[in-house]
């Protein structure tokens, strides 16, 4: 009976070690996959945020430019009419 216990114990230990190594490798792969996903999402979010800011600044610039033009036209019209 003792002769069967050693090989059986060895098989069990080797099986536990291989399962442990597989689990560690699987966890490492999952962590790497989540890091890749986070990197992709942060890049996409960064690009979208950048595009949103640029389009917002363009719209603000257009509005400010139009206000300046309107004010200039109003002042020019006032001076032409002599009402200023």
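Yeah, the Cβs are placed from backbone N, Cα and C, and that goes for glycine too.
Here is what Swiss-Prot records for this protein:
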type     : residues : note
SIGNAL   : 1-22     : signal peptide
DISULFID : 78-84    : disulfide bond
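All chains included, 10 other C-beta atoms sit within 10 angstroms of the C-beta of residue 84 (disulfide bond). Applying an 8 A CB threshold to same-chain residues 6+ apart, the list for residue 78 (disulfide bond) reads 84.
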